[in-house]
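S.K.: If you scroll down you'll find the structure; I have some questions about it.
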Amino acid sequence: MNPLINFILLSSMIAGTILTTTSHHWVSAWLGLELNTLAIIPIISMTHHPRATEASTKYFLIQAASSALVLLSGIINAHLHGSWDISQLSDNFSKIALTTALATKLGLAPIHFWLPEILQGVPILTALIIATWQKIAPMALLIMIWDLIPTPITLIMGLTSTIVGGLGGLNQTQLRKTMAFSSIAHLGWMITMMTIAPNLTLLNLILYIPMTSLTMLIMHLTMSKTLQNAMLIPSHSLTATSLFLLSLLSLGGLPPLSGFIPKWLILQELTIHNLTPMAFMMAITALLSLMFYLRITYISTMTLPPSTTPLKNTWRFKSHQNTSTLPLLSLISIFLLPITPTLTQ
């Protein structure tokens, strides 16, 4: 793609997210969501492959329908109560319709079916954008109206998403689909805390983005799309192998890595609010997710393909990729647990 067109599309996508996150009016928030969607669709379909075309069509239909539902809920609320302010959503139908629309945009269960198929049909960097940046605007709108959303809806969606994300990732051999189910599971943890402690939802989102970015950037740098490709990661770089291992374990929530922070705090908050059965079920579903993270970790770091080369030194490809973003992402994804008291103040 022409660099100028690429710059315009990325700038429009960033502008749409900023417009939505800073809006207090329903129309401007909807415009930001639409700008975000229209900017990402050419990026999805730029490979001129049938799978990419199919993914862009699916993405457009899902996002257009959910954006229309967002606008409908705003119009109904304005018609009944005379206010376009996001924080003054008082109609019950508008609350449920808006929550459903934003859950569809995020890919929360049970409206998650589009996310794995779309991530599988696009390049890894495009999948990274969809799994991280495209979640910011809908999540920001949910955080703005957190005190207006019915709590049972968020708890049901959260638990369902963690179950679907954990079970769906178990039998996958495609890494992009695995990351899609990982995204669904993490979004389930976020939405569970939406009406109980929105600050924990924001903390979870802030940690989820660098952890997922680090994992998928290493997949891109090592050209790993399947579990079979993951076996070759050690032949690219020992550093990439180590970071891939740690980023996956951090996504799984193992201490003492950064991914343990949100799970620990969320389970603690659920217990404080007398939702111990909910906390127990979410802890069990976290083990399902950890299972497929450990599976990828074992295959990518502890197994090597057959080799007939009688040399002790393992040969590696010479990398020409830009790795300047990896140190910062690694720092955030791995080493934040000691400053947990500072993050929760």
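Every residue, even glycine, has its Cβ placed from backbone N, Cα and C.
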S.K.: Would you mind telling me which of 176-196, 323-343 Swiss-Prot tags as transmembrane segment?
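M.R.: Going through 176-196, 323-343 one by one, Swiss-Prot flags 323-343 as transmembrane segment.
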S.K.: When you check the transmembrane segment (122-144) against the transmembrane segment (274-294), do you get at least 3 Cβ pairs under 8 Å, counting only pairs 6 or more apart in sequence?
M.R.: no
S.K.: Do at least three CB pairs under 8 A connect the transmembrane segment (148-170) and the transmembrane segment (323-343), leaving out pairs fewer than 6 apart in sequence?
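M.R.: No; fewer than 3 Cβ pairs under 8 Å.
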S.K.: Sort out the residues at least 6 away from either end of the transmembrane segment (1-21), same chain, that have Cβ-Cβ distances under 8 Å to it, and list them.
M.R.: 28-29, 31-40, 42-43, 46, 129, 133, 136-137, 140-141
